[in-house]
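Undergrad: So Swiss-Prot lists the following for this protein:
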- 1-99: domain 'Plastocyanin-like' (DOMAIN)
- His37, Cys84, His87, Met92: Cu cation binding site (BINDING)
Amino acid sequence: VEVLMGGSGGELAFIPNELQVNAGEQIVFKNNAGFPHNVIFDEDAVPAGVDVSSISMSEEDLLNAPGETYVVKLDKKGTYRFFCAPHQGIGMSGIVTVN
């Protein structure tokens, strides 16, 4: 499953911002527009027992260039909220449901 980070028209958003995957399925977050983005999972909005540091990028790490990717697999069923640290204040976030 591919999630674009930034819209072709300059939108600061994850596209899609809601998705469903199977446990263990690969999710590829791809910088689409060349703004600096990252993927941080919200420690208060993931299934109990999930260590967000093992699935999130570091807040200091950024995908700067178009085409750069971050790949993650989520093994525990449930709902995970994620966001882009630099653009969280303007609502760049999303939800993935693992079935």
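Even glycines carry a Cβ here, placed using N, Cα and C.
Help me picture where these features are in the structure shown.
TA: Across the domain 'Plastocyanin-like' (1-99), the DSSP tally of helix, strand and coil residues reads 9 helix, 37 strand, 53 coil.
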Undergrad: What count of other C-beta atoms do you get within 10 angstroms of the C-beta of His87 (Cu cation binding site), across all chains shown?
TA: 19
Undergrad: Fewest other C-beta atoms within 10 angstroms of its own C-beta: which of the binding-site residues Cys84, Met92 fits that?
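TA: Among the binding-site residues Cys84, Met92, the lowest count of other Cβ atoms within 10 Å belongs to Met92.
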Undergrad: Just counting, how many other CB atoms are there within 10 A of the CB of His37 (Cu cation binding site)?
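TA: So the Cβ neighbour count for His37 (Cu cation binding site) comes to 26.
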